[in-house]
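Residues or ranges marked as domain 'NADH:quinone oxidoreductase/Mrp antiporter transmembrane' by TrEMBL: B:76-261. TrEMBL lists B:1-17 with the feature signal peptide. What TrEMBL lists as transmembrane segment is B:58-78, B:90-109, B:116-142, B:162-195, B:216-235, B:247-268, B:289-312.
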Amino acid sequence: MYRFIANKLLVPSTCVRGLDFPGVFVPSTSFHEYRKSGYVDKTQKKTSTRESIRNGLKELKQEIKNWTAEVKDGVMMDPIMAMPLPGEVDAQWFFNQNTNFDDWVVTADSDHNEGHSTCSFGVSPVGKGLFSGNLSTQLVKDGKVKNAGYCNIKSIRPLKSFKRDSFHDWSAYTHLVLRVRGDGRSYMINLGSAGYFDINWNDQFHFALYTRGGPHWQVSKIPFSKFFMTSKGRVQDHQQAVPLNRITSFGITAADKINGPFRLEIDYVGLERDPTHTEISAYEQYKTPYFYAGY
Amino acid sequence: MWLSPALFLMLISILTSVCLVVSSPSLFISWVGLELNTLAFMPFLLSKKSKLASEASIKYFLTQTLASILILVGGLGLSIKLGAAPFHSWVLSVAEASGWLSIFTLLTIQKVNPLLILWMFCPLSMEFFYGVVLSSLVVGGLTGLTQTSIRSMLTFSSINHVGWLMTAISFGLGVGVYYFLIYLATLLCSIIIFHMFNVSHVNQLSLLNFKPSNQLLMFFALLSLGGLPPFLGFLPKWMVLQLTISYSMLLVAGVMVSMSLLVLFFYLRLMFSSFIMGGLSFTTFIKAPLPLPIFFILLFAMSGGGLALAYFL
């Protein structure tokens, strides 16, 4: 009853886009009841409790094996020996015919009827990864959408045994290295750093990657200190370094406000440690003296 | 950063809370001292202005509040407050997001009040506390082996030391205070060195501009913290071991010795990687890497000279 009143009577129309709005209406931009802010996968079938338990029991054996492997790895692995050497690139993702592209989430604004862009992520004719599609800034005429035109690929969050959320630990590295062949358009590299509490669920770090349109591949070595922080797409005033031990996802977005097709081939995404790179954050920290109020 | 007027006030409040717990006649006043301690420590965590620090402060607040409620109904909350295994998971996430001063306060001063309440009001001969001691020793030793962040290593070393501290305090307040003060001195040495050289990850130790003399100083500080003779850190462990064996607590003594080996192993592995990958040159051996007063204090605290003086005192 409360959800009915909240959804139908109290919520202003500009906030609702036919989404499953949270039952608790709090006039705050920082409260999030759902991780995906109301964007639900409508193709997903609802399963009953009995079916969920049956499916869970089927996976139990594999999860126990995974947990055993984690414990063995924790005991046997020497973290010092696994340290990267300067100048070596440790590839995180290779893209070729053997890549499982189901591990990548591909989205566009047309998925939820908010635009007309389309995209796909698969194998290119030369056997590398290909992120391509068509960007359209044409607005959907529903009176709610003000901006359109994005396509995105994102890696799924790493999981430990028993479906526990985990992180990528990139704290030993200083640079992100991408070998790509673009079309001259610019793409946004996104690093997700979702926190434990809802206020940090949508925190991401971005870097604009400019590509060359030529036939030659480019190797872009991007320092982590150059990434800037946003929350739900809004650049934050108070910038900080990327929390490299708590990276939840890596993504690439095409949203440069230019209508037309785009094409980005990716060979690999890797990490490198450069001991001469000592910068923590490239952005102004606005440190004030002790006696200033606030900061 | 760390000596702003607001943080200085919080430091005074923390010390006041310790005085309150020491001098309290009842469990309730001690509990008030614990709450004041929690309240005053929160701004320390938030002094480093990052989203991880704010997340760490919320985790710290929620865990400590739950522990305070549990203290009123039993001794379980004290183990949570101390960060003893198996209730230690919050310590790692809070320590990872904190600055060095906050970590030092978290791993030392924040343990004083719960230990005092444990000594005053809880019978430490209970099986529950033996279980907490043994699990702290084991978790601190084993889990520290897989860490590459120096903050995490110090945290797990501290969890291991909590096991030693709880055992020490079960033999009497004097033993516990002695262990605590020496642990505070040896941890302070290590943290001063990590803070001044701005080292937070193992691969930073092999940097080309890290002088060999600095490496040696860090080596001695870590060995002292690990409890290797002839350094100062060995003395309280020797004392506690002798007491456990004389009281026939052989299982506890055996676990303490074996887990100390593991803690020492991951400190040694840390320093070996820095010596081997960074190279060693004796030409800069004589130069003092730090301001002279700090250098001599550190050497005294770590050295056998400190050990001998503490013995005669």
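Backbone N, Cα and C atoms are what each Cβ position is placed from, and that goes for glycine too.
Between the transmembrane segment (B:58-78) and the stretches B:90-109, B:116-142, B:162-195, B:216-235, Cβ pairs under 8 Å are most numerous for B:116-142. Contact between the transmembrane segment (B:216-235) and the transmembrane segment (B:247-268) is present: at least three CB pairs lie under 8 Å, with pairs separated by 6 or more positions in sequence. Long-range neighbours of the transmembrane segment (B:90-109) within the same chain, counting only residues 6 or more positions beyond its ends whose Cβ lies under 8 Å from a Cβ of the stretch, are 1-2, 14-15, 18, 41, 44-45, 47-48, 50, 52-53, 55-57, 59-60, 63, 80, 83, 149, 151-152, 154-156, 158-159, 180, 183-184, 187-188, 191, 194-195.
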